[in-house]
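Feature list (source: TrEMBL):
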DOMAIN    A:514-606  domain 'DYW'
REPEAT    A:93-128  repeat 'PPR'
REPEAT    A:196-230  repeat 'PPR'
REPEAT    A:266-296  repeat 'PPR'
REPEAT    A:299-333  repeat 'PPR'
Amino acid sequence: MQHSASSKIKLLRFLHSIFTTSERAAEQNCLSLLQLCNSLPKLTQLHARLVKVGLHANPLVLTKFTSVSSDLNAIHYASSVIFSPEATPHYYDTFLFNTVFKAYAETDNFKHSAIHYYSVMLSYGIRPNKYTYPFVLKACAGIADLRLGQTVHGLVVRLGFSYDTHVLNTTVHMYCSCKNGIVFGEKLFDEMPKCEPVCWSVMIGGYVRWGMSREAVSLFRRMQIAGVKPDEFTMVMVLSACTDMGALELGRWVESYMEKEKIEKTSQLCNALIDMYAKCADIDKALRLFRNMSESKRTTVSWTSMIVGMAMHGRGLDAISLFEEMRRAGVAPDDVAFIGLLNACRHSALVKEGKRYFDSMINDFGIVPRIEHYGCMVDLLSRAGQVKEAMEFVHRMPIEPNPVIWRTLITACRVQGELNLGERMTKDLIANEPMHESNYVLLSNIYAKMLNWEMKTTVREVMGKKGISKVPGSTMIELDDGIYEFVAGDKSHSQYKKTYDMVDEMEKEMKRAGYVTKTTEVLLDIDEEDKEGALNRHSEKLAIAFALLKTPRGTTIRIVKNLRVCADCHSATKFISKIYNREIVVRDRNRFHHFKDGLCSCKDFW
DNA sequence: CCAATCACGA
């Protein structure tokens, strides 16, 4: 009997070991098969097999299944399996949920799903761990939901994960991604240990995101003083700040700093450099960098940066050749590349080419046009004087036109003299978007063209009564001793007296040369008698006057405006370039204007 | 299964 019992146990052990070994072998087999799945059909096939061999409820296999499905841009497939009505929660674990969060946190437009499944996780009583929160916070950052982020942050503190540096850094990132959240980000940043570059990069990036580029640069200086070595992420953020401000000299310094510090030139960092040079007016340097980039590093982003750069400089044909070269190189253009290309056609009035590429985008590349693509086309047709075609185009659009498109059409109506139509469209627009300043400006301009001064005045009064806020025009200029910013009518500057004297002198010289003020461009809330004075205080005129005072004769003046340059300033700058014999390079919200000898590179088309 | 980058748009 004794002998028999012991044999039985041995037999059981033997059978058990065979069973687990074979299950483990099957598991391993599935994991390696999953690793090889590089298409959705292969994955669905394998899934069928998992069900057949009974591994569909194995947590490890399911986790791998999830990450593979996410890599194939099919996370919905995995979650439909994991969270199907037949699914049983006994195989749910933290690891599996984290993989789901990661997938959704990294997918655009599905950050909400990460939050949703996070609450599902909690409802099943599955405990989050320190890997959970970077994903959940990233999702909060993606939807810029400050209150949700604060709730999650509170939980992080209560669960004791707030000492983990990854969690901390992502929390700062979350705050820096929400409106009004940046102060919380700053506070957390100030309190946390800062010996690694990651948190510095996050905070610098937060400043750049909100247009606080000077704060970004000064934080970078603090980082250097603190003795923390910047990495390639940090340098990308600092270059973004330079790009935003049009600070070419600072950008050049950053490039030499990178070389001195031997910071690895990743693809992203090269792209950031190319973008910086293109947007800081040195498009040829951008092109040289692009040409020197190894083929393997040249991504769609690199090509797009160059195409966008050419577009902004009004070099539409160069943008088109780059696009064709990109195709030949076998790099797939995406929706953003096409926005760049269509913009290039727009800024160079290449109507035929624009139409052809728009159709090609849909038919040859299978890209579904976004509202921005339609916007490009509407603008392209309108500026070519084809208002009817533009209207028809808008009516044929499968998506609802946005205010940007309406404003484009309305401007075209005004230019082409379709004033009644323009008035009606503007009124509809104001009914939908009553707090948007430029809608009132459009209406006022239409009344001005109708010579209906009474209605124009009424519009101005309504604006004042409703308290419509204006985006203040500002102009930046980089000189040897730093970066200066001017706003319209600015008197805060230490040398403003000299600057205003110079503006007056410029005015006299321009009038002598035949310049006439274009008063229709004046801001609406300024008294009639002060129209001319107000135009002279537009920020770009202040910046140019300041530059004429502070820079040596004959040197090029480069300025950056946050809005589009107005017709009066455009005309004035042409005169100034001739009178003072200076090349003046203006970057406005849309593109570059190179003024030289009384002419502009945009050929007055912008 | 853990952190932060680049191209458009506004």
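Each residue, glycine too, has its Cβ placed from N, Cα and C.
Summarised by DSSP class, the composition of the repeat 'PPR' (A:266-296) is 25 helix, 0 strand, 6 coil. Residues 232, 235-236, 239-240, 242-243, 246-248, 251, 254-255, 258, 302, 305-306, 308-310, 312-313, 315, 329, 558, 585, 587, 592 of the same chain lie 6+ residues outside the repeat 'PPR' (A:266-296) yet bring a C-beta within less than 8 angstroms of a C-beta in it. If you average pLDDT over the repeat 'PPR' (A:196-230) in this model, you get 97. The helix, strand and coil residue counts that DSSP assigns across the repeat 'PPR' (A:196-230) are 26 helix, 0 strand, 9 coil. Secondary structure of the repeat 'PPR' (A:93-128), assigned with DSSP and counted as helix (H, G, I), strand (E, B) and coil, comes to 25 helix, 0 strand, 11 coil.
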